[in-house]
């Protein structure tokens with residue numbers, strides 16, 4: 001399966017080339033495929049904040065490379081680069097507050113700086129760490145893809161119809177994606193007959209990004225309005241909802257794209273299994289429950305313009321980017337470290353704290 005997934009890889013959103021970070025501008029997809037080159041930390045932070053790059057894993061990877069660019073600039077300026085670099089850590093951390101992987105990646109880069117030997121080239125060491133973060137996410141995607149599809153096979157052996165929401169694919173990660181990685185593996189194994197993708201308002205990640213990714217690989221995909229998803233579960237024989245996550249609290253509550261919570265409620269009502277696929281770096285044991293996860297809200301302007309036509313003037317707008325799905329609505333969380341069915345605090349702590357023999 002690993003070799004087949006590698007051979008099928010067609011989409012990537014992050015490239016580190018020639019000492020610059022190149023990002024596929026996801027705001028323009030699917031009508032344009034334009035790459036944006038970032039050669040300083042301010043550009044990387046802006047790209048994260050403005051959703052040129054999005055998805056928790058991809059944001060973390062971009063931030064790691066952003067620190068490499070920041071260090072290069074600080075070293076060229078002279079002075080106390082270590083103190084100055086703290087400003088760059090803060091700039092990147094504030095770009096998107098909900099993505100757990102962002103803070104994990106920044107902490108890992110900080111820890112690498114603390115482990116520097118006197119004879120090491122600091123810039124080369126930090127660049128190597130960023131590349132390692134990128135590669136480890138790709139490997140995690142491969143592992144999760146295989147684990148997720150084996151779980152689906154275990155519950156029902158024939159080809160199935162799956163529903164996904166948001167975009168948890170190659171565009172949102174350093175590899176094949178989390179939720180879409182499982183779907184890709186399922187299609188290659190003959191386990192997925194059709195994928196239904198919710199449009200995912202207001203940024204339309206489902207219709208612009210997920211449908212584009214799947215169509216690029218020839219995977220049968222049907223796009224649906226968000227308001228049709230409960231009806232879809234009732235009438236189209238959906239067996240699994242498969243989504244990604246931006247942050248997972250210690251008790252298994254999951255912060256994901258706004259609308260995921262109501263999707264989980266509908267899935268529970270219709271007897272459809274609900275799978276969350278995310279790397280273990282999305283789990284933050286310092287957050288006891290979903291109530292502790294900071295949930296980003298974006299500007300009202302995103303809802304006040306409809307194809308160039310303004311909405312009702314002076315109307316108030318509530319524009320949360322994420323919601324929290326309680327753990328008791330989730331059948332399984334799939335990570336590269338293992339699978340957690342019916343997640344709770346004890347199970348997630350065991351997963352994260354488990355000692356590795358290799």
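One is the number of the first residue shown, and numbering goes on along the chain from there.
Just so you know, glycine gets a Cβ as well, placed from its N, Cα and C.
The record from Swiss-Prot ties 54, 55, 56, 96, 256, 257 to substrate, and of the options 147, 156, 160, 205 it ties 205 to that site too. There are 28 other Cβ atoms within 10 Å of the Cβ belonging to residue 256 (substrate binding site). Once the Cα atoms of 54, 55, 56, 96, 205, 256, 257, the listed binders of substrate, are compared pairwise, the greatest separation found is 17 Å. Same-chain residues with CB within 8 A of the center of the 54, 55, 56, 96, 205, 256, 257 CB atoms, the substrate site residues themselves not counted, are 59, 99, 166, 167, 168, 172, 244, 246, 321, 322.
In the three-state DSSP classification, residue 205 (substrate binding site) falls within a helix.
Packing around residue 257 (substrate binding site) is summarised by its Cβ count: 26 other Cβ atoms lie within 10 angstroms of its Cβ, all protein chains included. Cβ neighbour counts within 10 Å, taken over all protein chains shown, single out 54 as the most crowded of the binding-site residues 54, 96.
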